[in-house]
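Annotated features, as they stand in TrEMBL:
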- 1-118: domain 'DNA polymerase III beta sliding clamp N-terminal' (DOMAIN)
- 129-180: domain 'DNA polymerase III beta sliding clamp central' (DOMAIN)
Amino acid sequence: MEIRILREEILNPLQKVQPLIEKRSTMPILSHVLLDAKENSLDIFATDLLLAFKGTCKPMVSQPGKIVVHAKALYEIIRNLNCEEIYLRENENQWLEIKGGNSFFSLASLPVEEFPSFPEIGHFDLVSISGELLNKAITKTYFSMAKEELDTHLAGLCCEKIDKKLRFVSTDRFRLTYMEIP
């Protein structure tokens with residue numbers, strides 16, 4: 001992988017992944033980002049296995065490739081560089097070289113194969129609904145969502161489209177709330 005990119009362009013998605021990356025995890029790969037350089041784009045992936053992020057930048061790609069590096073370290077290095085353009089290159093030892101202005105840094109990488117895969121998002125139907133009606137449905141169902149840390153699998157609101165109706169359902173194991181919008 002070898003690219004040139006504006007500092008501000010790559011800084012934005014790297015900043016957005018910071019709350020998502022794991023600080024203390026039994027899986028070190030979750031504190032890393034996957035950089036995927038293609039012909040005219042750089043995709044930046046991060047996940048904590050519950051949430052996933054994909055950001056895209058427009059670099060000048062000399063050589064496509066993928067590399068997994070520590071998210072916080074990469075962000076801090078790029079944030080503190082005093083230059084407009086950054087040069088990123090994977091060397092023969094699978095380290096990411098970062099050059100900007102008179103500065104040079106190297107970050108160790110992890111195997112790309114170890115990075116968790118992202119689910120493919122297939123085709124889905126869009127539904128048009130007024131903000132007022134959506135607010136009403138959420139307000140009438142959110143109170144029964146689980147709030148305990150042990151019930152994370154119930155800490156959400158199910159919204160599904162069936163025929164021409166939208167159905168909102170939530171539960172905390174003791175209460176079940178259901179609302180349907182025609």
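These residue numbers are counts, starting from 1, taken along the chain as shown.
Using N, Cα and C of the backbone, Cβ positions are placed for all residues, glycine too.
Residue counts for the domain 'DNA polymerase III beta sliding clamp N-terminal' (1-118) by DSSP state, with H, G and I taken as helix and E and B as strand, are 28 helix, 53 strand, 37 coil. On the 0 to 100 pLDDT scale, the domain 'DNA polymerase III beta sliding clamp central' (129-180) averages 84 in the predicted structure.
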